[in-house]
Every structure is written in C-alpha cells, then in structure tokens.
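Participant: Dropping a structure here in structure tokens format, bear with me for questions.
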Amino acid sequence: MSEVKSRKKSGTKGAPAEPGKRNEGGKSPEARGGGGRGWADPRTGVSLLSLGTCLGLAWFVFQQSEKFAKVENQYQLLKMETSEFQGLQSKISLISEKCQKSEAIIEQLKAFQIITHLKHLQEEIYEVKTWSSRISEKQDILNNNLTTVSQDVAKADQSTTSMAKDIGLKITTIKTDIRRMSGLVTDVTSLTDSVQELENKIEKVEKNTVKNIGDLLSSSIDRTAMLRKTASENSQRINSVKKILSELQGDFNKHTDRLLSLESDRAKVLKTVTFANDLKPKVYNLKKDFSRLEPLVNDLTLRIGRLVTDLQQREKEIAFLKEKISNLTTVRAEIKDMKDEIKHISDMD
C-alpha cells in the first residue's frame, strides 16, 4: 500500500514538469489523470492478493502447528505407553523365570521322593518304639530279679550268722569260692563299664541327632539301622546279664549249702559276711544305673516323637508350596492372556 501511495505522489509531481508532452498528445490533463488511476488499480489488486495469500499462509501455518502439537502429544503418550509396556514385559519375564524355577524345584522334590522316605521313616520309628518298649519290659524284669537277689543275700546273711561254727573244716573250698566271687565282681565291673559305654553311645547318638537334623531325610535309613544294631546289642547285653544273674543265683545256692555244712572259724565267716556286705552297695549301684537308663530311654522316645511332629510340619509346608505353585500357574495363565490382549491392542493401533 505504501508503494502505491508513493507512486501516486510521483505521478502527480511529474505532471506539470512536462507541458510539451501534454500538447503533443492532444489530451487534457484530466484525461491524463484518469489514465494514472487506471495504472494504480491493478497494483493495489496485486498487493491485496499478496496480502490475502499471506493471511492464508499464516492461517495454514497456524493449523499445521496445532496439528503438529497434537501429533507431538500423541507421540509422548505413545512413548509413555511403550515404557509401561516394557516394564510389564520385564515383570512378565521375572514371573516366568520364577515359574520356571518353581517348576524345577517341584521336579527336584519329585526326584527326591520325600513322601516314600517319610513313610519308611515312620515305619522305622514305629519299630524303634517297639524296641524301646521291649527294653523297658526287660528292665522291669531285671529289677524284679535284682530284688529277689537282694532278698537271697539277706537270707544268706542270716544263715551265715546262725551257721558260723561249720566253716573250719572247708577253708580251702571257701578260698576257691572267694576267687570265683572276685571273678564275678570283675564281671559286674565289666557290666557297669558296658553300661557306661552304652550311656556314652546314647549321648553320642543324641548329639548326632541334634547336629544332623537338617540331613535327617537323607541319612534316616542309616540312623535307624544303627539304632537297631544298638538295640540288638542292648538286648544281647541284657541276656548276658540274665545269664550272669542266673549263675550268681546258682553260686549263691551252692554257697548256702556249703555254709550249712561249715561249723568253725567264726572270724573268717565274718570276713565273708563283710564281703557280702560289700556286694550290697555294688548291687545298689547297679540298680541306680538301671534307674538312670530309664529316663534316657524316655527322653529318646520323646525326641523321636518330636522328630515325627517335625516331619508332619514339613509335609504341611510341602502342601503349602504345592498350593503356591498352583497359584503361580494360574497367574502365569492370566499373564499370558494379558500378553495376548496387549498384542491384540497393539495390532489394532
């Protein structure tokens, strides 16, 4: 518009400067002025057209910028969705790894065959309980035998005091009998040593059970075999004790018969009486040792019961693990369904 105005001004200024040309053309200045206005009108039209095109272009650029902003927002949203989808994929991969690990653990548990081992262990524990009950019954029988032996010793004491005059003629036989009695005393001491060894073995077994309770499932068969061996050894020792007691009873009967025939040398008889009195505390100590054995056997049975309860708890834990694994399989199926839905949505987009 400014160019058009400047051109109009230049046209008006140039009109009086050329009078000769006016006369030559034969036209009036009014006609000339009309021609200048006609020359300026197309320029204004062109400028208006250019102005309209500029406005159209500006409007087009504005619309394009709005569309570009919308596209950029959609791109940011897509970026967020892809990051969330990647996080979901990582979580799904972690869950699938956990499922694979749990399946491997289940296969390992199946390979170990824990249930069969547990059944074998329960059967062997029942057998050990029966062995312990038999041992307790044999101990009761031994206690009764010991009471009868003590009563026989008391009767022997009374008979020795009444028959003190009959010993003078058979001192040599008494010496040999005393030697035999000393041999029996050594047998009794060896028996006490064996009982002590048995107690030490029981303590060792207890320590081993406390230390190796984690490896109980793998080494239960060997331990039950060792327990059977020790129980059989105990029964053999009890049988040997019974034999020794029967021999003692036979020797006591022989001595009572011989003491009835002895009638002299009262001092030596008193020595034999003191020897019999020395035997009494040893027999009493034997009773004490057997009474100490009873609580140990009871403690063993209690510990076996605790082992049974621990095994039942482990069975419950295994059942709980199975439930968890079934839940994991259902979760895995749901995750697969989610993956399929996400793939379907991505295909739709």
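Glycine too: its Cβ is placed from the backbone N, Cα and C atoms.
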Participant: Can you identify, from 128-171, 304-347, the stretch that Swiss-Prot calls coiled coil?
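Facilitator: Based on what Swiss-Prot states, coiled coil spans 304-347.
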Participant: Taking 10 A as the limit, how many CB atoms besides its own sit near the CB of ASN327 (N-linked glycosylation site)?
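Facilitator: If we count other Cβ atoms within 10 Å of ASN327 (N-linked glycosylation site), we arrive at 10.
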Participant: Translate the DSSP assignment of ASN327 (N-linked glycosylation site) into the three-state scheme.
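Facilitator: Note: ASN327 (N-linked glycosylation site) is helical by DSSP.
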